[in-house]
Structure formats: structure tokens, C-alpha cells
Amino acid sequence: MDTLQREGDELEWKESARWVKFEEKVEEGGERWSKPHVSTLSLHSLFELRTCLQTGTVLLDLDGYSLPQIVDDIIERQIEEGMISPELREKISFVLLRKHRHQTKKPIHRSLADIGKSNSASHAQSRSMNDIADTPSTDQLKNKFMKKIPRDAEASNVLVGEVDFLNKPFVAFVRLAQATTLGGLTEVPVPTRFLFILLGPQGKAKSYNEIGRAIATLMVDDLFSDVAYKARDREDLIAGIDEFLDEVIVLPPGEWDPKIRIEPPKKVLSADKRKSVFSLNELGQVNGTAGGGGGGLANDEEMPEQHELGEELAFTGRFCGGLYLDMKRKLPWLPSDIYEGFHIQSISAVLFIYLGCITNAITFGGLLGDATDNYQGVMESFLGTALAGSVFCLFSGQPLIILSSTGPILIFEKLLYEFSKNNGIDYMELRLWIGIHSCLQCLILVATDASYIIKYMTRFTEEGFSSLISFIFISDAIKKMVGSFKYYPINTDFKPDYITTYKCECLAPDPSESMSQGGAGGLSSRVSLNITALDWSQLGKKECLKYGGSLVGKSCKYVPDLALMSFILFFGTYSMTVTLKKFKFSRYFPTKLRKLISDFSIFMSIMTFVGLDMLMGLKTPKLIVPTEFKPTRPDRGWLVMPFGKNPWWIYLASFVPALLVTILIFMDQQISAVIVNRKENKLKKGCGYHLDLFWVGVLMAACSFMGLPWYVAATVISIAHMDSLKMESESSAPGEQPQFLGVREQRITGILVFVLTGVSIFLAPILKFIPMPVLYGVFLYMGVASLSGIQFWDRIKLYLMPSKHQPDFSYLRHVPLRKVHLFTLVQITCLAVLWILKSTFLAIIFPVMILGLMVVRKMLDMIFSQHDLAWLDDLLPEKEKKKKDDDKKKKKVKEKEKKRSKGDDSEEEVRDGLFITLHLKISCPSSPAVPLGRGMPCPVPQVKIEMESDYDSDFDQPRPRDMSSETTL
């Protein structure tokens, strides 16, 4: 928008505001563009704009090639219609063709973020440009603002001002037949499609300015701009303004400060949703709808997300039908799974997940070594993780899933080893047969489409499972950190005033005692000679004790404050990671740099605190990685033989414990897959539950033959992997918030993580510098990060908030708070029971616990209404639903037939058990984009008869206002 300014005796057009999506004003004092903000218009200015379009000149599809020609056409039309006198032609033309000055000034002291961007804007002010020039100037071509404008964008130029030779306003709205670059009219070389001109008598400059802002705001509105492009006459434009006025919300002037600029919202309602507004009361009771997300604001017309696990879990009824469909679905994506992985974001994801995986491998490897007497140790854990993980990422249906050892498997291995040891059974051979049976059972589950049962796992079950795993990660990280305080206690007894008494001396043993012991124990005279010859005061602690000396003094038990340093490394890594992860929302530095810092936040945090640890030089506990490629236990090889060490009946009896392992693997794997594949993650390439389970089963058998640990989907690491690959839109329009686009779905990151894990034994010289507390900090971050976005966690926090401070969650609008709290309390109780059970030997029945959650969820149907569950959870699939609807429809049909037999007139016609309603719809073909009903004339009305069915056989529910067909008369 340009306003007419007088500089001395000269008139010129000066740019005062611009819109791409939100408004930016020229800050006169600051000589810069303002922050983007929501345009706040006065209602009066919209009514005045409506009057301007009613009384002014409207030229649609004008053939224009230059500004002078367009101005001549506008003036000629006004003279023809008697709006202005011919004597004003020259004056109006002179004013409209004055030079344009754009806001390209830069302050002398520029910010660091702007330095180096462009030198083209370093001049004090852009040169004045004459609009008669047809080609863009150098300043326009070099303007960096072009990057903020979408491709193929067209400009709407608004010119407003006051002059002394007019008695009434000169108004024109022009739409060019083809977008044309009008020289220096625009700040950037964007072709102009629309032109709005308002010149008026002096004394009303503020009013003209507000009208100009009103038309500019309308032109960036998706719905009105659509009307402007398709309008056939003046009435269409006015009808478009009326539709805009229908949606305008008025804020009373005494209840807010109009000087405040409203920040652009994080999420804007799309034009499609604005076109079709439904009642929530109608939609909230549709079967199969799920709770409305974890914490975003909801509109009154927004219905809860639908719990659709997709066709991937459809029961085919054919042998390996689901597996075949998974392979068919995933094969076309294989090339993109490879080349889409070559992105800088993948590097940060690989480094992050790699450190998580090797920490997990070392932790579980050490625990397995203790539990199985080193039959499986850290080396086996590294090799198994590398083998199973890389194969799974290469061939699975969902490569974003990361395989790892889990707690329940560890407990099973421990119990199995103790059973084998107590009963004289060879542990490795028994374990091999359990793995073989479990593999076969998994393949049977794949062949019979057993993954269909996952449909009955709602958000209630998933959140309970993922919350438990997240809390385990958090508690383990804290537990390990607290353990270092016990191992390296802080020197709380130290008193600075007693510093002179803090010493430790090595005292030589009593020679007489040494001789008597020598006589009794046969010590050589050489030792006694050494004892007398040694300078005991110069010996170190180890040598002193080695030669039989004793340590005396208050500081003999001194331990460096490694616990404090470990805590600094632990908490510092976590807090720095959280801070840098949020850095992309910071106000500092350019967008690309902020995003880069956010993507590499974990790697930067780790490197920072590894450097700090090296700088301090304290002997904090470091990462210990095997350096030789050999089994942990010397008496075992890399291949386990299936026969020869156990009785024959063991080969058959192992079927029973294998059944427990299969249930464990199935539930753990599929729940993690459901969490990763949830609709809100916007995955585009589909998933493959059957294909995933197939490879998990095959890898179980392979790992059993090699004596390696068993692997299954790791929920927290998989969620962390997905979060590290999230994609956001690059905000093009100023003020527009980046929108979540989905996840970078590919196989490269997972493969690289596991290949690096395999070669870690060769990286031992480098990895040995990483302190364990730093990795515990990474574990803590992964646990906390996986809780974010879980609706359960948001609902727990509601307990601590007064009602007036609670966020505007969608479910709080539709479900009473007491019921929300009751639902949350049930989940907390279930989680507490799971936690208690997993802390005992009963953790072996972990799969049964998850099945127990499904039973509890089914019982909730008796306590909560379906409407409440639709918002708080997902509704369970009901087999009887269709049958009930069919019965209801048949009953309706009979009632209608009875009415017809009695002679009752009805507009509804019964056919094949469906209700068909005939609607007459009258529209105007000359203005398809504009709804009728505003009193606008229509030369040739078009009548449509539309048949509406209130029941659709493809859906097990009524579908309001769904047009099945239409006939044009």
C-alpha cells in the first residue's frame, strides 16, 4: 500500500504497509518494517470500502501493459460515466504517475544477523523510481524480500491519498486480464494483477488510509481473493465483502488496547475448514472418533481425531495376506527410502541415536553378563545390536523403529539361566530352541494376520505403555546418577580451619612382627631387608599397602569430588540439550542457523561437556567399550549347535517358554509400532506391522544360533529417532509460523546407526573419552522428550492447575473436568500397578499386563459415555455396530411404509432400505464462487436436484449431508 506524500513542492507515493500473509507497517521513526502482525480493522472502514466499490469504477479483466495506459483507461471510464469532469484528467493522471519511494532504508548500526546478508541495502535510501519504466530496477531485483514471497505470486497495489482539486472521492478497482510488471510500482519485481485507487478531498487522510488497509487485508484473505479472481461484476465483489463481514469478530474498544499489535497465531484455520463449518454436537458423537490431540487449541468446529490404524491392520482372511500387502505397499518407496536419507538433518539424527544405542548396548550387555555368567556380554550386545538393527532397517516395513534389548527380555534371560543352572541343562542350547520356537510362532502370527488385534489398543493402552517405558528411562538415568554419589561420596567432613590436621602417612610395619610372621609364614630375608631399606614416607597408597604398611591420617579416605563433577556433566548435558532444542524458536540469528543449532543440539551438548571433562582432568567414570572381537566368555564360540548337550524332550518342551517370549515380543513390537505410526506423526509411506513382525521373528532365530541377545522395538529410542527427523515448513510469509509437515521417512539413518554400533569396537580409543554421566543425561532427555505430546501427561498436570489457568485443550470444552480427572486417575492407578509388577520377578508376565490394560479400557465403557471417550480416548471397534444400525434403519423403513400406506405425503422416498432426500439447489452459473442470497441478480439460474442419503453402506454410521449424486436440469 502506497500513500500520497508531499515532499516540499513535490508529490510522491511512499510505501506505508505491505501484506504477504500478515500486515507489516513502515516504522517512520525507526526507519524499518514493523514485526508482522494481524491486521485489526475498524468495522466502519469495511462499510466505507463496501460503499466505495458500489459507487466507484470496477474494471475486471482489463488489458493493461503499463501504468500510464491503465490510468488513462480508468480516467476515461470515469469521464464516460460522468463521475468526473474532463478538466480533471490531467491533474489525476499527473498525481497517479508520480514517482514511488520504497522502504529500503537500513539503520547505520545493523544487527549481527543482518551483516553479511546483502550489501545492496547499505545505501541510505533507494533512488526514486519513475513508474513509466517497464522493467524492474536493480534495487528491486536485488531485494532479499523475494525469498519470503511464494512462487507465482501476484501483487495487489493499493494507492490512497488526498488532493486539493477533488470534491468527491475518485475510486477504482481494477483486475488485469494478465498479471503485468509495472516497473517500480512494487517494492519487489512481482507482477501486478489488482489495483485499487482511492483519491479524495483533503481532511480525511486517516479514513482513506483505513479503507486502503481494509482492501489490502481482504486481498490476502484466501476466500475473498478467490472471489476477486472469479468475480464477474461489481455485485460479486460486494457479496464477497458481505461474506467476509459475516466472519468478522468485533472487539469492544473499551476492553482492549487497539495500539497493541496482535502476534500472528501459531496455527491458522485453513480456507477449506472455513468453507464448511459443522456443529461439534453433531460430529462429537460420530463413532470411531478419538481424542483431540495432546495439547493444541481447538476450534468449536473441530472434531476429535479419528482412531484409524488404516488398511495395514485389516483382516484379509488369506494366508500371509497382510504380509503380501505390506510388501506391495513398501516396495515402491524403496528408492526414496534411500535418497531421502541424504540430508544434513540425518547426520544429527545418526549421532544422537548412535550414542543412545551404544549406551543401551553397554548397559544391557553388562546386565546380561551378570545375569548369564558372561554367556552374553557387552561384545555380544554390540554385535547383536548391529546385526539385528541393520537388517531390520534395511528390510522392515517401518524403518523408523529402532531395535534394542528391553527389560522384560533381560528378566526372562536371568530366570532362564538360573533354571538351566539348577537343573543341569545347557543354557545356550535351550535358549536356541526357545528362539527357534518363538520364531515359528511369530511367523504363524504373521501368516494369520494376528496383528489385527492391535485395532483394540486405544490411546489409553498406548499412553500407559509408552509412559511406563519413559519413566523407566528417567528413573534409570537418575538411579545411575545417584549411584555415583554413593561410590564417590562428597567430602562433607572437610573443615577449612583444620587444614593442618589433614594428612596421610604411610607407616612401616613393626619389624619384630614382620620377623615373627616371616618365621611362621616363611617370608624371605629379602622382604625384611626391603622393609628396612624402603623410605616409607615416599610410597604411594597402593605401594604402601602392597608392602604391608598402614595408612594413618584424617585424609587417608579422601576421594575427589567426582560425584559433584558427574552431576554437573549429567544435568548440564540434559539442560543444554533442552535449551538448544528450543533454539529454533529463539529471536537470535537467522532462521537456518537456528534450525541447524536445534538439529545438532544433542551432539553439541555432548561435545561441550566431554570437552569440559577433559579440561578439568578428573577421573570421572568413562564409557568402556570392548577392544577385541571375541566372545565375552572364552569357552563359547560364535555359533551355538542345536543338538548334543540336552535331552531330546527339551527340544519340544521349549515350546512353552517360547510362547511367553512370543507374546512379549508381539506386544512390545506392535505397541511401539502403533505409537510410531500414529496419525498425528503424518507418515506418508504407510507402515508394515506384519512385515516388521516377520523380520523380528527371523532375527530371533538368527541371534539364537549366534548366541546373541534378542531384540525388539525400543519405544523411547524409536520416538527419539522420529523426533530427530521431524520436518517443518520453511516460513515464507513474514510472521507465518513453521508448520509440522511430517517425518523424514528413510532407511539411511537407522542403517548408519547400527553399522557404527558394529564398528564401535574399533572406535574404542575415541569413545573412551566420553563420560558415563553425559550419556545418562542423554538418557534423561530421551525419557522426558518422549513424554511430551502425550495427552496423559498433559492431563496429570491439570491436577495442579486452577481451572482459570488450565490450557484450552479441546477435550476440556466437551468433557466435564471431574470426568477428565477420573479418567486420568484410572490411568495413574494402572501405571502404578505396572510399575510395582515390573520391579519384581513378575515382570516376566509383562505382556499379560498390557493385555490387562486392554481389559481395563473395555470396562471404562461402562463408566464413561461414548461421547466422553471419543474426546479422551479412541472408541473401541464394535462388531455389532453395523448390525444395530441396520436394525434401526429397517425399523425406520417400516414406519415410513406404514405412513405411505395411510396416504401421508412425504418428501422422502424409500429405496433398498436407504433414505433418499431430494433437494432443489438454485445457483447462478455466472458467479460460481459467490453464494446467492444477497439480493444479487442472476441472468440464467441453474437448478440442481441433489439426492441426499442419510445412510452410506461404506460407513457404519449416518453421514449427514453427503451428496451421493446430482442431476443438472
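Cβ from N, Cα, C; glycine included.
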Range annotated as region 'Disordered' in TrEMBL, from 273-313, 929-969: 929-969
Range from 600-618, 688-712, 748-767 with most C-beta pairs under 8 A to the transmembrane segment (432-454): 688-712
Feature contact check the transmembrane segment (748-767) with the transmembrane segment (349-368), CB under 8 Å, 3 or more pairs: yes
Secondary structure content, the domain 'Band 3 cytoplasmic' (124-258) (per DSSP, counts of residues): 54 helix, 31 strand, 50 coil
